[in-house]
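As annotated in Swiss-Prot:
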- G43, P44, E45, S46, S47, G48, K49, T50: ATP binding site (BINDING)
Amino acid sequence: SIMKMDGSQQEENLDVISTGSLGVDLALGVGGLPRGRVVEIFGPESSGKTTLCLEAIAQCQKNGGICAFIDAEHAFDPIYARKLGVKVEELYLSQPDTGEQALEICDTLVRSGGVDMVVVDSVAALVPKAEIEGEMGDSHVGLQARLMSQALRKLTGHIKRTNTLVVFINQIRMKIGVMFGSPETTTGGNALKFYASVRLDIRRTGQIKKGDDVIGNETKVKVIKNKVAPPFRQAEFDILYGEGVSWEGELIDLGVKYDIVEKSGAWYSYNGAK
């Protein structure tokens with residue numbers, strides 16, 4: 001189709017879904033993850049990738065949205081999801097057998113126009129059918145990359161048309177023999193890097209302790225790529241075990257940053273009230 005950009009066809013305001021973290025929403029520049037786009041969230045193990053996605057699902061459901069979770073890792077924990085505010089009984093959950101099946105389900109959900117957000121956890125676990133049916137030790141070079149490339153070619157048009165947010169969670173691998181620059185790379189080839197409108201790099205930077213007990217992680221998110229606002233912004237927040245993103249802690253930190261809350265030593269005060 002051909003259209004004139006006179007405003008009659010195109011919505012100029014971007015629809016977004018909050019990530020459940022104030023800092024990340026601000027870092028994204030548009031107030032959340034953009035709908036009608038592909039988003040990639042990657043990082044090391046136990047850095048908070050799935051937690052951030054579940055927080056976003058909870059926010060989407062709060063606003064009446066319908067969400068789907070394609071659990072290729074077969075590690076979805078409904079009890080933890082419920083603690084983060086996810087309405088598990090309203091969540092579409094799929095645990096596919098092969099990578100092809102997972103991406104086919106994703107395509108069907110997107111094309112239906114009946115869901116607002118689809119999360120694929122994770123790209124690394126999308127195993128091609130040939131690899132599952134083959135023997136251990138067989139070489140399947142580039143199969144997963146080809147699978148992702150083909151799927152994203154098919155998906156992007158449908159995603160834009162139905163205004164669905166599709167989030168791919170990805171893991172990190174090390175490239176061998178890299179002398180300069182970062183040896184880190186994400187799995188599943190290069191296609192996702194190109195098709196993603198937003199790429200978030202999430203890292204655990206420290207532990208939160210109460211006495212001797214570790215009760216959570218200090219987390220840092222970098223916006224590595226952003227097609228809807230300026231990239232390379234950062235956000236730091238706390239993820240508490242069994243609770244998710246510490247909303248109060250983030251609010252106070254942002255208050256200090258923008259001089260709304262005063263900090264003196266270990267005390268915080270707002271309008272004179274400590």
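Glycine is treated like the rest: Cβ placed from N, Cα and C.
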Setting G43, P44, E45, S46, S47, G48, K49, T50 aside, what same-chain residues sit with their Cβ within 8 Å of the center of the Cβ atoms that define the ATP site, listed in sequence order?
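Filtered neighbour residues, in order: I202, R204.
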Across all chains shown, how many C-beta atoms besides its own are within 10 angstroms of the C-beta of T50 (ATP binding site)?
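Cβ-Cβ neighbours of T50 (ATP binding site) within 10 Å number 23.
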Can you check what DSSP calls G43 (ATP binding site), collapsed to helix, strand or coil?
coil
For K49 (ATP binding site), list the number of other Cβ atoms lying within 10 Å of its Cβ atom.
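A 10 Å sphere around the Cβ of K49 (ATP binding site) contains 21 other Cβ atoms.
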Let me make sure I understand the structure: which of the binding-site residues listed (G43, P44, S46, S47) has the fewest other Cβ atoms within 10 A of its Cβ?
S46
Given a 10 Å Cβ-Cβ cut-off, pick out the one of the binding-site residues E45, G48 that has the most other Cβ atoms nearby.
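Within the set of binding-site residues, the most crowded position is G48.
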Please report the DSSP secondary structure of G48 (ATP binding site), reduced to three states.
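Coil, per DSSP.
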